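Quick notes on the structure that follows.
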Amino acid sequence: MFIARRFFSVSRLLSSKVAVIGAGPSGFYTSLNLLRDKDPDLQVDMFEKNPCPFGLVRYGVAPDHPEVKNCQDRFQDTREDARFQYFGNVSIGSDLKLKELYDNYDAVVYAYGSSLENKLGIPGEEDHPAIINSRAFVGWYNGDPEYKDLDPPLDKVKSVVIIGNGNVAIDLARVLLAPINDHWKGTDITDHALAMLNLSTVNKVTIVARRGFLESKFTNKEFKELLELYKEGVHFGGWPEQKFATLNDMTLGRVDKRRLSLVNKYIGIASQQNEDSGSKEWFLDYLKSPIGFKVDPENSELLREIIFRESSITIEKIEGQDHKYKYKSKIEPTNEFSSIECQLVIPSIGYKCKPLAEFKELGIPFDDKRGVIPNVDGQVQGKEDSYCVGWIANGSRGNINSAVMTSALLADIIQEGLKSSNKEGRSVIESLLTERKVQVVNWEDWMKIEQYERTLGEQKGKIMDKVTDYNRMLEICKENLS
Amino acid sequence: MLSVLTRGVVLASRRPVDGSQKTFEVAEGDSILDIAQANGLDMEGACGGSCACSTCHVIVDPEYYDKIPEPDDDENDMLDLAFGLTETSRLGCQVSMSKDLDGIRVALPAMTRNMQNKDFKS
């Protein structure tokens, strides 16, 4: 008996094991691509600090964009492959040490995205109740447990200023202004958000960019969607076109040309509409950098206005490759100031990532200023067998589209460098988690939560009703649902 | 019939690997995305074919490009975000097979390393 056991342990196969930290699109597409390899001994284990997977697909994508969430179906293809395992409600740093991952896996992939927001750096930003960062606001309407009690005072607000020019800014404008009655019907917007939107008195939103029209980061599809709300009484009020008059004489690229034509088209429509006292308006504004806020003297929990320093712009034509021209905006601060009257400001200027606690100790570099892990093509600089993908690697740009591509490329690179060893992988990790009494949420458990959310949703006429409490999620996992 | 030139990935440290060409018998009305996925080709349709992403981007053989009904504004807006956009690019989910398109050839865009962040319009 003894001899047989010794033979067994010596002849155990070498295999490759990968730990992926983060269950958003980057983590999933990287895993799916790694699993294309037919190696039967490959192991891919995914660790996610939340009980629920899917990251910003669950908590970032707007409720009225359900088709964008279809990628979740693809992510759940991993259920079919026993070489993959999802470990939800497991936080690397507390439930498991990062070092334990390195001890038990042949490669570690950082795909955990951002958890911090970029700041304007203006006094009041951190604590005034009417300056609400986009991260919190989006989390609030999307059911993120961290923000369910946000309670933005939309019933006391008429004018909102959004600082930023990405798709999140457009989402926010749409959420603030879309007519309540039909727009959210059937979607998974949280009940608490819908209730507040029903009481909302917001009728003016200004989306303010620091730079110029050519630097707008929102995409034309989302922009057009907002413009089209004119059919429902939400009108585009205009933009500082006199500052960008020179654009009309330029040969712009496809995307910019289309954006400009959209603006011109919908301004034309707006001017034809009759004045409607109940209608809502939104504006684009440019070349403004916020420098301060004024508080409402009659209600200190609201703002009265936001103050800007104006910038000037000159747009230069630069010759690029193949005699193609590029336009470069030169933007400079001036000594002119302006203000916009508003009661609520939502900074939406991007997000930043944090290092994990053991990075220094384990020699994993981190760029604190940019909030990313320094890397070359996803290979972490100066640390072997370590990779990163998504916002932790590139900063908070890129969406599901780019995740598909960067993940596929990274999986290739990982495969090239992936070693085989007799590291224990899953079996050791599972023992550690059991010893530490961590309640791991696996795929079956997640399906219980999902089923619960769908059933509750059905009762309310929604596609699903998100559970907004971590403890409740964990309770549901333990229940035996019939 | 639909011929697909599958993705050729250019690796920095090796010579380029050319994709192979595969041909399929297809039914009228099937979208290129449907066909690719039914046949296990390397095409993600992240949004499930609803024109809300550009992961099913294909490059159509110029000979066949004009035979396809023109893309609408929504498709154009998504195509604008596709990496490696060409004059004959289309979204696979928006192109359905018909008798006019019999024999059409499409290529999956190659992904290359050293793609920079600025290549991605988010």
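Including glycine, each Cβ sits where the backbone N, Cα and C put it.
For the FAD site, TrEMBL gives A:SER26, A:LEU56, A:ILE92, A:TRP391, A:GLY398, A:ASN399, A:ILE400; the one candidate out of A:GLU48, A:GLU80 that the record lists there too is A:GLU48. Chain B comes within the C-beta cut-off of under 8 angstroms for the following of the binding-site residues A:ILE92, A:GLY166, A:ASN167, A:GLU222, A:ASN399: A:GLY166, A:ASN167, A:ASN399. Cα to Cα, A:ASN167 (NADP(+) binding site) and A:ASN399 (FAD binding site) are separated by 10 Å. For the FAD site, whose annotated binding residues are A:SER26, A:GLU48, A:LEU56, A:ILE92, A:TRP391, A:GLY398, A:ASN399, A:ILE400, the maximal Cα to Cα separation is 25 Å. Geometry remark: A:LEU56 (FAD binding site) versus A:ARG211 (NADP(+) binding site), CA distance 27 Å. Secondary structure at A:ILE92 (FAD binding site), as computed by DSSP, is strand. It is 14 Å from the Cα atom of A:ASN165 (NADP(+) binding site) to that of A:GLY398 (FAD binding site). Counting only residues at least six positions away in the same chain, the Cβ atoms of A:LYS217, A:PHE218, A:SER348, A:GLY350 sit under 8 Å from the Cβ of A:GLY166 (NADP(+) binding site).
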